Amino acid sequence: MKRMVSWSFHKLKTMKHLLLLLLCVFLVKSQGVNDNEEGFFSARGHRPLDKKREEAPSLRPAPPPISGGGYRARPAKAAATQKKVERKAPDAGGCLHADPDLGVLCPTGCQLQEALLQQERPIRNSVDELNNNVEAVSQTSSSSFQYMYLLKDLWQKRQKQVKDNENVVNEYSSELEKHQLYIDETVNSNIPTNLRVLRSILENLRSKIQKLESDVSAQMEYCRTPCTVSCNIPVVSGKECEEIIRKGGETSEMYLIQPDSSVKPYRVYCDMNTENGGWTVIQNRQDGSVDFGRKWDPYKQGFGNVATNTDGKNYCGLPGEYWLGNDKISQLTRMGPTELLIEMEDWKGDKVKAHYGGFTVQNEANKYQISVNKYRGTAGNALMDGASQLMGENRTMTIHNGMFFSTYDRDNDGWLTSDPRKQCSKEDGGGWWYNRCHAANPNGRYYWGGQYTWDMAKHGTDDGVVWMNWKGSWYSMRKMSMKIRPFFPQQ
């Protein structure tokens, strides 16, 4: 391609030089004719036409030739016997011919002028035509020259693109070779090994699943009947734990209480050590062994394990995870002035508490409405003031005082919406006196380790065992308990 373009370019250049040489020859010849006209022709000769300044003359219509009679008949020639008259060449002519009969050798100026004029017209036309042809050829040559330069530039660009494409192809080829080598060395050789490992893991998991299924079946069989506490219960009893301590029950363990003679006695855990004792534990969280995400009736009646004897003693000296029951809590708090103590512990062992001098829970007809007052403590007044991290109406939405009790099947919270999915108890993991929604959530889901995130939560909400005024929304307590006792002046 490059050789062909170079040969065509050389050929056009040679043709251009030949045409320019031919034009110069005709111009010189034409100039010589004009010079002779100026030196020898009379005023009757034509004037050269300046095409740039003058218009070409137009031919006028010629009149018809004159008709009619002409000369009379020529006289008869003289006889041959007559004496030949010698003709003498006129002076106007040039040199004489060697034979006198042939006359003048050179023509006169008028004859030469006329002959030249007869030849000048076709030559002039030819010269004009050649000039036009030369100009057209020159323009064509210039266009061809420019086109050839354009082709040359395009060809050079194409050559560069081809070279760049070759480099890209080489790079991709090298990359493909590397990938092919990697596949051959790693994937093809490792896949069989990985498959064997996965088969081994699968078999191991299958055996573990079978063992778990066996354990679950045994546990389900064991839990077909309600769990019973196999430990001794003290003989001393009373209306609540405060009356028991006054009767001499001084150890913290499980007791039987009977607030009213119309109800059967029931088990509670009495804390006889904290702040002079006499506390009836109505709620306790410590290890996540009991699910607090329950319906209205279980919260009404109570659930969980009141106490355990895992310390090796013959009595239940340690509290379990349980909720005493809303009916029982309501009855105990409506017997007289009652105080509430909420204790909590984080996963580092740090402890805080919130004490309320007044605490009352209404009956079921009033949806177990809560009332608290007279706060003191180190945990922060979450029940009365709401979450300290929030401001304005957002904080007001987290106040629990005065709220009704809610479970996921009985929506009594302060989140007023037509969407049944937007329910605090359903999103926050337990039954509680929710507003919209909480600053405290003692009955929430139990998270090991304390810190948890929204993607760990079932609904993406802060549904842990939370007390926002101490640890914020995304920290679930290790332990939390709620204890009540009749209010009396301390000595």
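Including glycine, each Cβ sits where the backbone N, Cα and C put it.
Here the structure is a predicted model, which means the values were calculated and not measured.
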TODO: Select, from GLN31, GLN82, GLN118, GLN389, the one residue given the annotation pyrrolidone carboxylic acid by Swiss-Prot.
DONE: GLN31
TODO: Return the single candidate from CYS223, CYS227, CYS270, CYS316 listed in Swiss-Prot as disulfide-linked to CYS241.
DONE: CYS270
Task: Collapsed DSSP category at ASN394 (N-linked glycosylation site) - done: helix
Task: Cβ neighbour count (within 10 Å, all chains shown) around ASN394 (N-linked glycosylation site) - done: 12
